[in-house]
């Protein structure tokens with residue numbers, strides 16, 4: 001008798017589209033009072049009593065944004081939500097709802113999608129948001145996840161990319177470059193695995209950077225902290241494509257220049273040691289690596305006392321007039337123009 | 001010298017992701033006062049002074065939902081917007097904004113995306129909505145379009161699938177089955193073209209049904225008409241997967257049954273003649289064809305005088321108690337159980 005190795009795998013077509021959505025979302029609970037009607041009608045119905053609504057959307061494509069050979073599906077579901085929430089927080093808003101659309105090929109059994117949705121639910125639970133809609137369809141090849149996130153902000157509190165002024169301080173949360181270096185380690189282990197599938201990777205020295213790649217967090221805590229500190233940034237953006245590219249967005253939208261100090265860029269020791277191991281310049285990684293999902297913002301100088309002693313923040317430069325341009329001041333105190341060499345999904 | 005046949009084709013990677021979004025959306029204007037900030041920040045910012053917000057999302061996948069060998073990209077962009085707006089109108093809401101995310105492989109030059117966005121802009125203009133965000137990324141194979149539509153409705157006017165009552169009349173706008181038969185004609189012409197590429201298709205007798213497939217419209221006019229007639233449906237859904245499947249949704253969500261009369265189902269003469277030509281039963285096409293994007297709704301009997309003489313509406317049945325079940329009353333006056341054999345993206 002031939003053993004059925006797929007005995008625990010359920011074919012997606014067996015459930016049908018509606019059965020699948022019902023099955024995957026049956027454990028989702030409504031947490032936000034603004035959610036009047038979630039999944040289950042032509043559209044979700046939301047009611048916000050005041051303020052403004054923010055809306056953002058991001059699409060993750062297999063083979064472009066993720067590699068399932070080292071990205072567990074549960075982590076992928078989690079990350080797909082987090083990267084969208086990060087954009088909501090970058091508006092100084094609170095995230096409230098998401099919709100999730102997925103296209104999957106038949107090679108994914110139901111159990112794989114259950115893992116994906118378990119990650120989505122974990123993120124929804126942790127960030128206190130509701131999954132209020134979505135679409136489930138088939139793809140001819142890989143997996144595609146499209147998430148739209150909705151949030152709310154008092155009209156006077158929304159922070160745009162465009163509000164920075166000369167002399168404002170440039171501040172970043174957390175540390176940079178870890179997600180990129182985590183990816184380098186995972187890619188290396190994948191190549192090792194291809195040569196010798198019996199080799200067990202030893203990832204003990206890379207736990208932080210791998211977690212930053214596989215399970216990034218959106219800085220909801222920073223938005224709350226800024227509120228507690230009574231600091232309203234003059235401009236803000238999240239770091240998805242690399243520090244350099246994001247600084248240039250702030251400068252371009254605000255019509256100003258900037259000096260960024262290389263020696264101020266916050267790096268985790270694991271990033272520094274892994275950069276040495278891979279013989280990569282850590283500043284280049286921080287500038288262009290991307291996927292940090294930290295918040296980059298500007299504050300007026302009078303707010304400096306409120307943030308200076310806080311370990312969550314690092315002042316990495318200051319804004320100048322537009323004619324001064326955008327520069328990196330190196331450790332050797334030379335000034336070189338900033339370039340955006342960040343991750344570009346269209347070149348991959 | 002070898003002629004460069006691609007002299008008017010621009011490589012997407014040459015623009016970069018941000019350049020591409022800027023280029024594709026530069027002609028988009030803001031039409032809604034509720035749009036505070038459209039494309040160009042981490043998230044769009046919207047402000048609705050009252051009422052509820054509806055949110056819906058749909059993903060279209062090449063090779064599953066569309067075939068570029070007969071679907072022009074401009075029409076595809078138009079259709080991607082329309083199918084989402086249809087879900088907004090099915091809540092008795094007014095559509096106000098959309099976000100559009102696309103994943104494209106390198107085989108698409110810039111000019112192809114310009115066509116796609118021209119269709120998106122045409123739909124946005126006609127339906128008076130703003131494109132307020134999106135994501136542009138690469139795919140390893142085909143084209144994927146994910147649209148999220150947002151609308152607004154006064155709290156007391158939202159119509160769900162769940163409000164139908166026994167004895168309510170079942171009403172449909174327009175006519176059914178045309179989009180499916182248009183697809184059959186296009187598929188046939190594609191096969192003919194494969195055999196003889198010089199054959200010029202004669203589609204004169206199929207203009208209506210082909211337009212219904214390639215350029216469907218969402219019934220914004222019906223929502224406005226119902227408002228003018230002071231008729232608030234007790235339940236409503238749009239017909240994307242076929243009449244049968246949608247009736248079953250209304251019955252299931254409202255916990256009731258239904259009798260649908262075969263002889264009342266509205267069919268265009270071109271659908272009837274094309275069904276005869278293809279030797280397909282026209283009732284089967286109306287019940288299961290899908291992509292009609294008409295509105296299916298129920299009204300209480302006291303509203304019958306308001307809709308009975310209106311050429312936009314056809315009463316096709318009435319609702320019964322749950323124990324009576326869901327039935328089709330055939331022309332021969334036999335009662336047979338309704339089945340949902342509608343289009344299922346996961347079986348294709």
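Start at 1 and count along the chain as shown; that gives each residue its number.
Using N, Cα and C of the backbone, Cβ positions are placed for all residues, glycine too.
When B:117, B:127 are compared with the ATP site residues B:134, B:135, B:161, B:240 in TrEMBL, the one appearing in that site is B:117.
Distance between Cα atoms for residue B:135 (Mg(2+) 1 binding site) and residue B:42 (Mg(2+) 4 binding site): 11 Å, as a whole number.
Under DSSP, the residues of the domain 'PurM-like N-terminal' (B:40-153) split into helix, strand and coil as follows: 34 helix, 45 strand, 35 coil.
Closest to residue B:65 (substrate binding site) in space, going by CA atoms and restricting to the binding-site residues B:56, B:161, B:240, is B:240. In sequence order, the binding-site residues near chain A (CB to CB under 8 A) are B:57, B:58, B:65, B:135, out of B:57, B:58, B:65, B:135, B:240, B:291. Checked against residue B:117 (ATP binding site) by C-alpha proximity, the binding-site residues B:42, B:56, B:57, B:241 yield B:57 as the nearest.
With a cut-off of 8 Å between CB atoms and residues at least 6 apart in sequence, the same chain places B:84, B:146, B:147, B:148, B:149 near residue B:57 (Mg(2+) 1 binding site), listed in sequence order.
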